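> The structure's right below; bear with me while I get my questions together.
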Amino acid sequence: MTRKQTPMTLALCALGLFAASAASALAADAPMAPPKSEINAAVGTGAKFTPPPESAIPDDDFGKMVKLGRDIMLDTPKYAKDYVGNTLSCVNCHTDAGRMAGSAPLWAAYVSYPAYRGKNKKVNTFEERLQGCFKFSQNGKAPPLGSKTLVALESYSYWLSKGLPVDEKVAGRGYPNLPEPQQAPDYVRGQKVYEAKCILCHAANGEGQYVNGETVFPPLWGPKSFNWGAGMGSYKNAAKFIYANMPYGMSYSLSPQEAWDVAYFMDAQERPQDPRWQGSVAATRAKFHDSKFSLYGTKVNGKLLGDIGAPKPR
């Protein structure tokens with residue numbers, strides 16, 4: 001039996017960065033995709049592509065792999081448990097089961113690879129890009145190339161992209177651009193936004209909410225969230241995601257300044273160590289976080305962020 005989440009519940013749970021629906025989190029069988037908002041992340045992206053509906057998944061061996069990829073997207077700790085080190089699921093960053101333009105949709109990502117990535121300074125295949133998601137956003141370990149987990153996710157992404165020309169600049173890819181704010185992002189202002197619009201879902205300390213051990217609303221920081229190496233560890237990336245996708249079901253309801261401020265506040269909290277640890281916070285920041293949009297290795301409220309020792313072995 002699947003528990004339902006009412007529209008009122010969604011309306012109340014404002015600004016849950018990574019807000020996953022209770023329906024997908026608590027499904028007993030195959031997970032269900034959270035509903036799309038009437039005003040969603042696709043607005044303003046210029047995207048004209050519509051991925052095929054789930055009803056069009058073929059009823060054959062390939063279709064079974066596509067469905068497994070979809071299930072991994074919606075409940076990653078359940079369907080890819082060997083490679084996950086936290087309680088997040090892929091759908092928390094890629095809404096509508098990876099279909100939504102402006103929410104880093106899988107169909108746009110699939111046609112954008114292979115591509116050079118500054119993050120690891122080499123050309124990455126699509127499977128290698130997926131490996132990074134498990135290593136950083138899932139705070140786990142990379143599934144081997146050719147593994148069933150990666151083949152399933154790649155199959156699902158390929159199926160979503162059918163009919164879309166290969167183009168690394170396809171409209172709707174990633175998150176919509178958000179210009180830097182007139183005022184520098186601020187911790188105190190961000191805390192006020194969080195307390196007004198996030199706390200009901202994600203709790204006072206960003207720990208999220210759970211029912212019977214299942215994630216209903218995922219953690220935004222702390223030991224069960226993404227690690228310092230994840231893309232959301234850049235408060236610029238986080239601000240873009242928040243502005244276009246949150247509050248869940250209420251996209252673009254925050255001002256750009258509010259999105260920047262609350263992203264800064266979220267990324268000013270402690271989380272698991274960057275797995276690329278270089279032996280010290282200073283060395284790790286110098287090699288991987290030398291950006292004004294990363295708070296890793298900086299002091300916030302007297303605390304040196306990232307000063308938690310070496311990462312735990314996976």
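Positions of Cβ are set from backbone N, Cα and C atoms, glycine also.
According to Swiss-Prot, the record shows the following:
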{"type": "SIGNAL", "residues": "1-27", "note": "signal peptide"}
{"type": "DOMAIN", "residues": "58-192", "note": "domain 'Cytochrome c 1'"}
{"type": "BINDING", "residues": "CYS90, CYS93, HIS94", "note": "heme c 1 binding site"}
{"type": "DOMAIN", "residues": "185-270", "note": "domain 'Cytochrome c 2'"}
{"type": "BINDING", "residues": "CYS198, CYS201, HIS202", "note": "heme c 2 binding site"}
> Given the binding-site residues CYS90, CYS93, HIS94, which one's Cα is the least distant from that of CYS201 (heme c 2 binding site)?
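Going through CYS90, CYS93, HIS94 one by one, the Cα closest to that of CYS201 (heme c 2 binding site) is CYS93.
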> Going by C-alpha positions, which of the binding-site residues (CYS90, CYS93, HIS94) is nearest HIS202 (heme c 2 binding site)?
CYS93
> Roughly how many Å separate the Cα of CYS90 (heme c 1 binding site) from that of CYS198 (heme c 2 binding site), to the nearest whole number?
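A Cα-Cα distance of 20 Å.
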> Hey, does DSSP put HIS94 (heme c 1 binding site) in a helix, a strand, or just coil?
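Reduced to three states, the DSSP call for HIS94 (heme c 1 binding site) is coil.
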> Kindly assign CYS198 (heme c 2 binding site) to one of the three DSSP-derived states: helix, strand or coil.
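SS state of CYS198 (heme c 2 binding site) = coil.
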> Would you mind giving the whole-number mean pLDDT across the domain 'Cytochrome c 2' (185-270)?
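Mean model confidence (pLDDT) across the domain 'Cytochrome c 2' (185-270) is 95.
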> Would you kindly give the Cα-Cα distance separating CYS93 (heme c 1 binding site) and CYS198 (heme c 2 binding site), rounded to the nearest Å?
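Checking the Cα atoms of CYS198 (heme c 2 binding site) and CYS93 (heme c 1 binding site) gives a distance of 16 Å.
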> Quick check: with CYS90, CYS93, HIS94 left out, which same-chain residues have Cβ atoms within 8 Å of the centroid of the heme c 1 site Cβ atoms?
MET73, SER89, VAL91, ASN92, THR95, GLY98, SER103, ALA104, CYS133, SER137
> Relative to the Cβ position of CYS90 (heme c 1 binding site), how many further Cβ atoms are located within 10 Å?
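Its Cβ has 26 other Cβ atoms within 10 Å.
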> Within 10 Å of the Cβ of CYS93 (heme c 1 binding site), how many other Cβ atoms are there?
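Looking across every protein chain shown, the total is 24.
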